[in-house]
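According to Swiss-Prot, the protein carries these features:
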type	residues	note
BINDING	29-57, Arg99, Asn138	NAD(+) binding site
BINDING	Arg106, Asn138, Arg169, Thr248	substrate binding site
CROSSLNK	Lys57	SUMO2 cross-link
MOD_RES	Ala2	N-acetylalanine
MOD_RES	Lys5	N6-succinyllysine
MOD_RES	Lys14	N6-acetyllysine
MOD_RES	Lys57	N6-acetyllysine
MOD_RES	Lys81	N6-acetyllysine
MOD_RES	Lys118	N6-acetyllysine
MOD_RES	Lys118	N6-succinyllysine
MOD_RES	Lys126	N6-acetyllysine
MOD_RES	Lys232	N6-acetyllysine
MOD_RES	Tyr239	phosphotyrosine
MOD_RES	Lys318	N6-acetyllysine
MOD_RES	Lys318	N6-succinyllysine
Amino acid sequence: MAALKDQLIVNLLKEEQVPQNKITVVGVGAVGMACAISILMKDLADELALVDVIEDKLKGEMMDLQHGSLFLKTPKIVSSKDYSVTANSKLVIITAGARQQEGESRLNLVQRNVNIFKFIIPNVVKYSPQCKLLIVSNPVDILTYVAWKISGFPKNRVIGSGCNLDSARFRYLMGERLGVHPLSCHGWVLGEHGDSSVPVWSGVNVAGVSLKSLNPQLGTDADKEQWKDVHKQVVDSAYEVIKLKGYTSWAIGLSVADLAESIMKNLRRVHPISTMIKGLYGIKEDVFLSVPCILGQNGISDVVKVTLTPDEEARLKKSADTLWGIQKELQF
């Protein structure tokens, strides 16, 4: 008696199952899973692989997503602590690492996470030598540098999520003040993801109308409306969310899926993301900071040259010096 499947279905060809648009997420904590669900909801991959060291949690997260397959259009969701499961990925997103504690600066995390990266990155490279690496773990700018050094990849293929979220927070808060959707509020936060990020007030606009042309004091202490508080809120917001719920996840997950979309669909959108900035703004060291980058299928193909005020440029340089001070002490 033939099996039910054979009675029902006539096979016409033996297919080789090589994924065309595979994405891997390393780390299935709150951030990794927020990235995973956001990517699944945007239909960006034909295969999603999850990797972590905690096997029970990993299998549970995979099964939970698989059980939603009817409502998704990603036909294959897999997981393992063995990196062979990640083979042939177009994009590998690293969210693994020690979690930021309440009140802990992102920079304080660094050596703990370098040691984790020394294991992860060579394994990723072994199975997907042509992938783009998207680093999300904090401190993201330093760890993007670490991933670049360990991987041996060209700099266009090693991307830090950087200030994509900082800029999104900035545009949300700006929109709240003005009663306008964040998509129509334009403004860029550049530099270090975190405490020393730089808001570029000269470029802040709605419908091409520069806010600085209406309020020349914008972003300064002399501003009666204290718009610089908007940037202060951006810097403080992660700490506040961590204090309230213990971690951040949803916004960073959505932000990462936004970057993944630009890469997987070769959109060539401009994002404030972390890239090797040596040679720009008088920076002479191998540091990664966020500047507006054109993002597509090859990763970061171009950088947009932003005109900064002398003060903004000085702040960017100071960030670079701070990061280099830490990077040159790293053991790897």
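The backbone N, Cα and C atoms fix where each Cβ goes, and this holds for glycine too.
Note that the structure is a prediction, hence the values are computed from the model and not measured.
Here the features listed in Swiss-Prot are painted onto the structure.
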{"residue": "Lys14", "record": "N6-acetyllysine", "DSSP (3 states)": "coil"}
{"residue": "Met33", "record": "NAD(+) binding site", "DSSP (3 states)": "helix"}
{"residue": "Ala45", "record": "NAD(+) binding site", "DSSP (3 states)": "coil"}
{"residue": "Lys57", "record": "NAD(+) binding site", "DSSP (3 states)": "helix"}
{"residue": "Lys81", "record": "N6-acetyllysine", "DSSP (3 states)": "coil"}
{"residue": "Asn138", "record": "substrate binding site", "DSSP (3 states)": "coil"}
{"residue": "Lys232", "record": "N6-acetyllysine", "DSSP (3 states)": "helix"}
{"residue": "Tyr239", "record": "phosphotyrosine", "DSSP (3 states)": "helix"}
{"residue": "Thr248", "record": "substrate binding site", "DSSP (3 states)": "coil"}
* Asked: In the structure shown, with every protein chain counted, which of the recorded positions Lys5, Lys57, Lys81, Arg169, Lys232 has the densest set of Cβ atoms within 10 angstroms of its Cβ?
  -> Arg169
* Could you tally the C-beta atoms, other than its own, that fall within 10 angstroms of the C-beta of Asn138 (substrate binding site)? => 27
* **Residues satisfying Cβ distance under 8 Å from Lys318 (N6-acetyllysine), sequence separation of at least 6** => Ser196
* Asked: What same-chain residues, at least 6 away in sequence, bring their CB to under 8 Å of the CB of the residue listed as 'phosphotyrosine'?
  -> Glu102, Gly103
* To do: Provide the three-state secondary structure of Lys126 (N6-acetyllysine) computed with DSSP.
  => helix
* To do: Have a look at the recorded positions Lys14, Asn138, Lys232, Thr248 and say which one has the shortest Cα distance to Ile37 (NAD(+) binding site).
  => Thr248
* **Ala45 (NAD(+) binding site): tally of other CB atoms within 10 A of its CB** => 27
* To do: Just name the most isolated of the modified residues Lys14, Lys118, Lys126, going by other Cβ atoms within 10 Å of its Cβ.
  => Lys14
* Rounded inter-Cα distance in Å - Ala2 (N-acetylalanine), Lys57 (NAD(+) binding site) -> 39
* To the nearest whole angstrom, what is the C-alpha distance linking Met33 (NAD(+) binding site) and Thr248 (substrate binding site)? -> 12
